[in-house]
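*Asks:* Have a look at the structure that comes next, please.
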Amino acid sequence: MSSFFIKKKVISAAPNKGDLKRKSNADDGKGRSKKFSKRMDEEISSDSENESADPSRKQQENEDDEIEETPQEKKLRLAKLYLEQLREEEDKKAEQDSFEADLIAGRLQDDVLEQKGKLQRLIAKELIAPDPAEIRLLRGHKLPVTCLVITPDEKYIFSASKDCSIIKWEVESGKKAQKIAGGRKGTEARHVGHTAHVLCMAISSDGKYLASGDLNKLIMIWDPMTCKHLYKFKGHREAVSGLAFRRGTHTLYSASHDRSIKVWSVDENAYVETLFGHQDMITGLDCLSRERCVTAGGRDRTVRVWKIAEESQLVFHGHEGSIDCIQLINEEHMVTGGDDGSISIWTVNKKKPVSTVKQAHGSHGNTGLEQPYWVSSVAALHNSDIVASGAHNTHTHTQQQVSLMANKPTTGFVNSLKFSNSGKFLVAGVGQEHRLGRWWRIKEARNGIYIIPLKRQAQEPTPP
């Protein structure tokens, strides 16, 4: 059995020639089939590798196959794309222009309201009486302070005195930044500065020029940054008692005890013209943006509005005594004070005061012989409902359109008052004597400037 199996195996394992030939042909067919399949696999593998290596190129080829545009169609497509980009840019520009136009319109509206005297900040009800401990006194002048100005950026205060000096103070620290020393009488030829009482000062709205006027009929022009002397204006025949720059320009108006108003161009270092009208010495002057100024005429008891371009003037009457100080509230309203003890509010459309507070600072003297305290200075926070007045009864009054709001104790003659532009503080120039004379002398008073902070009540948040 075993050998039979082996034999059969052997017999089956020994094919004939025909079988061998058929087997050979089958093997060749299978080989060719395997080679063809292998070549196809290699080609497919190669194609797939190329596709995975550069899909973007394949995608681009597909897109090129799908989008076959003519040159005319391509030009049209690019033109549409360019027009769309232009349209988007125009829309963005229109939005920006609209935003800027709204801003400009708002500013122009404010300017128009300001010119008409109708722009008003109602802040009087928000003011809080300051703590006396927060009021600072800066001392440096030997004689009474007569006038002061605050720089537009509110960083410095300039004060002047009967000692002929001008001091520049730092508001934040209270320290002296610089000092323009006064000279003695008879040293005018060699001394750079004032040699007589400085009665008035003004600073331009851009802070480029500082002007000061004295008892010697002179107007000095200074550089506020360096305190360098620039020009000297001569022309008045008596003491210079009032100075003011027209806002936004370097046009300077000056008033004098010679009863005249003079106009100067500081940029050109030149005199422009002179205006006459008052019947007594002019004691105060002020102006804002319009080409006009207002003056107080002392004992002629008139307030005058000078229209420079028209060369005309408006005359107002109302005080019972000498009008010693004047300040514009806005382009249409002003406040005055005088030795009759009254404070008056005026409008340019009416020849009489629209409001008056008599004996605003009280009175003094024996019974039956009482005399009102002179109002020696007034100030107004521009375009607001706040004014301030000073006398020599140891108080400065802050008022809501001459309705009493608060008293600030200051001993001495309050010869000058100025609000900061932001309304954050009030500065008072105080001395032992009145700025225009020596009728009284308060020995216990200290010559200097008081910085009075003006705080407001916190605003309650509005509900959403």
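Each residue, glycine too, has its Cβ placed from N, Cα and C.
According to TrEMBL, the record shows the following:
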REGION    15-73  region 'Disordered'
COMPBIAS  18-31  compositional bias 'Basic and acidic residues'
COMPBIAS  43-52  compositional bias 'Acidic residues'
REPEAT    138-179  repeat 'WD'
REPEAT    191-223  repeat 'WD'
REPEAT    233-274  repeat 'WD'
REPEAT    275-316  repeat 'WD'
REPEAT    316-356  repeat 'WD'
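Provide an account of the burial state, proximal residues and distances for the features listed.
*Replies:* When pLDDT is averaged over the repeat 'WD' (138-179), the result is 96.
Sorting the repeat 'WD' (233-274) by DSSP state (H, G, I as helix; E, B as strand; all else coil) yields 0 helix, 24 strand, 18 coil.
Residues of the same chain lying 6 or more positions beyond the ends of the repeat 'WD' (316-356) and with a Cβ under 8 Å from any Cβ of it are 114-120, 283-290, 294-299, 301-305, 362-363, 371-380, 382-384, 387, 389, 391, 399, 401-402, 436.
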